[in-house]
Amino acid sequence: DIAVSSDWNGDEKTEMKYDVSKEDTSQQLVTSNDDDHVPQLRSYVGHHNPRSPQRIGHTNIYIDKDARRGNSRHNERLRFPVAQYDRNRIPFRGPFINFMPRVPIFADRRTKQTLIFSPTGGVYIIPPLINFYGQMFSIAELIASGYASLVSSGVPPTGNFNMMPFFLPQPLIGSGIPRVNPRTGGFNGGIRTKFHSFSTSKHYRTQNNVDATVETEEEENEDDSHAPEWLSPLSDSSDPDTSITFFLALKQNPKAVEKLERIFWKITDPDSSEYQKWLTRSEINKILTLDSKILTRVKRFLQKQSFTSVELIGTDVFAIMTTIRQASDFFSAQFRPYKNTKTGRTMHLADGEMCLTDEISQYVDFWSDFYGYPIFNTEPTNPSKKSIVVPADENATDTATTQIHPMIVPQFVLSYYNIPNVLKTGLESNCSQASLQFVGQYYSEKDLQKYSQEVNIPFKPLKTNHILGIDDQSQPGDETMLDVEQMVGLNPLAETWYFNDDVKNISSDGILIKMLTINELDDLPQILSISYVPPEAGLCVLFINCDEKVVDLNKRYIIRANIEFMKLASRGITVLAASGDDGANSQFADCTNTMFIPVYPASSPFVTAVGATTLVNVQYKVLQDQPPICTDRGPLYLCVSDGDETAVSVNGQPFNLFTSGGGFSNIFSQPSYQKDAVNHYFQNEQHYLNKTPEYYPPSSMYNRSGRAYPDVAALGVDGFFVINGTNQLYGGTSMSSPLWAGIVSILNSRSIKITGKTLGFLNPLLYKMAKECPECLKDITVGNNKCTSTICTDQCKGFHAACGWDPVTGLGTPNVGNILEYITKLLKKKAKKTEYS
């Protein structure tokens, strides 16, 4: 008796059947033993047409949170609703996960609902369990791990599993009981509990369905982590001679951090006499430098360990190169190799606790890069969801559709946002801009050259010393080329930089180490644009094991990274961050979550977060200075000349494949510069007038007093760019952020001319400007961010665009001509009162 799992994409479905003929055997994913009649999974392509379940009832499920911690069991009985479907009408598309060989119990990967294929007929659907933190656990996985059972003795099933004895026909009703969704099938939501977390096991053992379970020593020592799907184990243990790098972050002096922050708020406040008096790197390091005795003590201890190298990064983080053998001795831990399938890198992660000797533990805040899992996964959104290849000539035909594909080119953006064309006016001062990349995204000079030709701007290759980190020009990255080309399109005269991993040859995917190494450089570009949107909660939304220690570690990590952003801003550097392409929920949620998942660094109070807009009522007239790409591309690929701006929403019109991100931080408090604007959003009577409760997300889903984002927005759909020699259209807030970078570089050129200083951290200026110059920013009042880029159901909740600031498009999109006039008056007025050095 064999049960199988299937993993597929698209419109493939699953059909259950008992008797498999010899002719059909080749089509089966796995065949069964001749003596047993276990339903098999067979793939076929068909249309999703869910029907109402034949029966609705409930079952008792026994939960033992500490099943893996001792021999005794203390089961708590919970009642779950159950829906029984016909085998040929499974209401899910998959992919499904099977945790127990030979047991036909599966979990739908997306919704976490459990499917039990009973030999008595029918498919039984059970909703997920939701813990105290809003995380969902499939009953299938909890059963396999020993945390759940359908019998009070608490044993997992084995073999041909009959659901009928546990199925009670009477349906559960009442508050908190999820109901079957008649439109899509399955349940809306899950059963909420007060449980905190489950450390599910990776290695599942089938056990007799009748005999009592005997917990063993081996089970007590099992690895209780649950790796995210993008980490693939390579072997049981790491080669002890393998070289690795890890980081020890020492505890910072809180008084020193407070001092830097006091200075920061003064020099970034347009109303302060200290405005634009930026600090140097050495001045910042002098403020934050730790007691020399502590540094010496820790460094001497590390040097005694015979590590390959020990390097101090900044003022308080040690980068240590060593071997697995030495790291195992140092932390009293064993390591296991994993492959990160998204980056191709091999990572050596600790199995179980990592301990640090008392001699230095009192000085260490945390260690990074192999504590359980990567602290911060920087994953770009999937470009294939939003990219379209532009044909090479007018003879190319689109056989799939006659829909017009609008193209956004620099000439249109310049006109639409009233941006001066620097090719005609020249730059008032030298300025610079940069794309900050992660996970091996590379830059291609050939692609930038082709892009420059297509949009008719002068080709200005990046200088060798402005390409920092590893670069493989034969494998250009879409995020890199989109960023670089969008900012160059608006300001082709600026010096453009490109940052990738290993700026100082220190391998790390973490944003903290990235920002630390950048802050170590004396020569930096004036603007950094970041198009990556990892979850602010880090580990806790990537996989199940998320105890209080991990929550605390992640928070400390994010706070330390945030200090690095404050250091950059204190040097007069503008950091722009995309707000994400999955609405208020983020790409890590499926609209059944009880809380929104904010993304970082957009949620940082020290960066400017950028949302995305789209166009409706689009016009296609000839542009002034129309570039070559707008001609000879056939009637279906036309350059946009005008349109009305709305927030990007999956369920908006026209249909888009992503949703502008926005929301409220769960870690950082709301800074004073935006409190009035956020209060206006919540108190504006016109916004609330005649709206039903369903129009707004429940207040329990977000932190009303947290840092609110985005701050501004820009066009984020149908952007023309060149990647790998191919003309393409692209969308996302990863288009909007570099557009703002190109705009800010032009604003910096004006600021440097007047005061000799860059504008630096923009947010206090932006919110002040929104009050005093309403015509400087166009208010976007249409659209919402309820849906994600992959899910859009009635369950999805989010925010709506409104008058003034909102958590969808922020303060709005720029009118650069008006902004230039505003900052010119402001800076000239201050220049008369303040002596700039």
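Numbers here mean position along the shown chain, with the first residue as 1.
Here the Cβ of each residue, glycine as well, is placed from N, Cα and C on the backbone.
As annotated by TrEMBL, active site, charge relay system applies to Glu479 (among others). Its Cβ taken as reference, Glu479 (active site, charge relay system) is surrounded by 26 other Cβ atoms within 10 Å in the chains shown.
Within the same chain, residues at least 6 positions away in sequence whose Cβ sits under 8 Å from that of Asp483 (active site, charge relay system) are Ser435, Gln437, Ser529, Ser531, Ser734, Ser737, Pro738, Ala741. The secondary structure of Asp483 (active site, charge relay system), as reduced to three states from DSSP, is helical. Taken from TrEMBL, the feature active site, charge relay system covers Asp483 (among others).
Residues or ranges marked as active site, charge relay system in TrEMBL: Ser734 (among others).
What TrEMBL lists as Ca(2+) binding site is Asp779, Ile780, Gly804, Asp806. A C-beta separation below 8 Å, combined with a sequence spacing of at least six in one chain, links Asp779 (Ca(2+) binding site) to Cys803, Gly804, Leu811, Gly812. Look at Asp779 (Ca(2+) binding site): DSSP puts it in coil.
Marked as compositional bias 'Basic and acidic residues' by TrEMBL: 10-25.
The compositional bias 'Acidic residues' annotation in TrEMBL covers 214-223.
The annotation domain 'Peptidase S53' is assigned in TrEMBL to 407-826.
Taken from TrEMBL, the feature region 'Disordered' covers 1-38 (among others).
Taken from TrEMBL, the feature region 'Disordered' covers 212-238 (among others).
Same-chain neighbours of the Ca(2+) site beyond Asp779, Ile780, Gly804, Asp806, judged by a C-beta within 8 angstroms of the site's C-beta center, are, in sequence order, Thr781, Ala801, Ala802, Cys803, Trp805, Val808, Thr809, Gly810, Leu811, Gly812. On its own chain, Ile780 (Ca(2+) binding site) has Thr613, Glu645, Thr646, Ala647, Ala713, Ala801, Asp806, Val808, Thr809, Gly812, Thr813 as residues at least 6 apart in sequence with a Cβ closer than 8 Å to its own Cβ. In the predicted model, residues of the domain 'Peptidase S53' (407-826) average a pLDDT of 89. When Cβ atoms from all protein chains are considered, those within 10 Å of Ser734 (active site, charge relay system) total 31, not counting its own.
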